[in-house]
Amino acid sequence: MTNDVIALAQALIQRESVTPEDAGCQQMMNDRLQAVGFNIESLFFTDTLNTWARKGTQSPHFCFAGHTDVVPTGPEKNWQYPPFSGLVENGLLHGRGAADMKGSLAAMLVATERFVTKHPDHKGSISFLITSDEEGPFINGTTRVIDTLEARGEKIDMCLVGEPSSRDVLGDVVKNGRRGSLTGFLTVKGIQGHVAYPQLAQNPIHLTTPALTELSQTVWDHGNEYFPATSFQISNINGGTGAGNVIPGELEVQFNFRFSTEVTHTQLQQRVNAILQQHNLNYELSWIVNGQPFLTEHGPLVDATVKAIKSVTGLTTNLETTGGTSDGRFIAQTGAKVIELGPRNATIHKVDECVSTDDLIALCDIYEQILENLLT
């Protein structure tokens, strides 16, 4: 079974599943899950293939979640090894998706095969929620599957998302929550004119700069035991016609909050509007809530995971909520306990993405031990 983890990861990498394509990855997994007693349900929404596979109907219901889609490779000539080769060299498995997250998918599947073979009458239920829309707009993937499950009253109790959570060594970090993400799109109106006649124009860049300074210097909260303080970052500023002698008529600013559980997205929106109004700006502002913050505190899932990592690696893991968002946010909103555990993330989305074969083998052992801790 040890070599099987690597072989399966290679086979998945060799399928060019650039988001939202699945390229047959889910079928490969489904065939093996069905062989060990899982009921398979394929859910296709618009351009996205999703799989819901479940074995058992009882609680506790433990779910492995992940994605088969990968980000584009960029120019393949920049890669040391072809990005869809799945080549193993010097103890590293190379290819797009090796770390994010086809390696995790292989480890989940093989761990589950081992577990159900040893424990055909295990407690509770095991499921897999797999999508090909995590790296894309996340419209027709996990969120649609969750909607389907909720509509028929199917509840996940605990979920492990295989995102690459580890930092320096396998298992050193488990994400037991994530910050919320809120994006604002601001348009400030001015009056276009000639730069030599500023008295006849209103420069929206000049008008907006003090407000942006205040927003960037505002302390939104102080975080808490589990979350760092909420952060505000400006990501894009666009103004001007391209000509050097024209005062622009409007300014567009895009910004993002990564927010803790100490503040709500509504409170952030209200505070931003109050600041903009204090500066007497003529503006339009729209918002996208990309995800709400979630937190899984110590309990069966976290404790089983910490214990498994210690057993396999000898490490005492760190529980963190830093980093970006993941599909875990859609699952957590149902009340499920959610964590993220996967390989090291140093090469994700980069040229020459790779993962240690030893790490994948150990990750499979950790996943299997988590199942042992929870369902036997």
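Placement of Cβ uses the backbone N, Cα and C atoms for every residue, glycine included.
Keep in mind that this is a model prediction, so the values were computed, not measured.
Per Swiss-Prot, the feature Zn(2+) 1 binding site maps to His67, Asp100, Glu163. Taking a C-beta cut-off of under 8 Å and a sequence gap of six or more, Asp100 (Zn(2+) 1 binding site) has these contacts in its own chain: Val70, Val71, Glu163, Pro164, Gly342, Asn345, Ile348, His349, Glu353.
Taken from Swiss-Prot, the feature active site applies to Asp69. DSSP assigns Asp69 (active site) to coil in the three-state reduction, outside any helix or strand.
Positions annotated as Zn(2+) 2 binding site by Swiss-Prot, on the basis of sequence analysis: Asp100, Glu135, His349. Reduced to three states, the DSSP call for Asp100 (Zn(2+) 1 binding site) is helix.
Marked as active site, proton acceptor by Swiss-Prot on the basis of sequence analysis: Glu134. Cβ neighbour count for Glu134 (active site, proton acceptor): 25 (other Cβ atoms within 10 Å of its Cβ, all protein chains included).
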Distance from Asp69 (active site) back to Glu135 (Zn(2+) 2 binding site), taken between C-alpha atoms, in Å: 7
Residue, out of the recorded positions Asp69, Glu135, Glu163, whose Cβ gathers the largest set of other Cβ atoms within 10 Å: Glu163
Glu134 (active site, proton acceptor) versus Asp69 (active site) - Cα distance in angstrom: 7
Spatial separation of His67 (Zn(2+) 1 binding site) from Glu134 (active site, proton acceptor) - C-alpha basis, Å: 6
Spatial neighbours, same chain, of His67 (Zn(2+) 1 binding site) - Cβ under 8 Å, 6+ residues apart: Met101, Ile130, Thr131, Ser132, Asp133, Glu134, Glu135, Gly141, Asp327
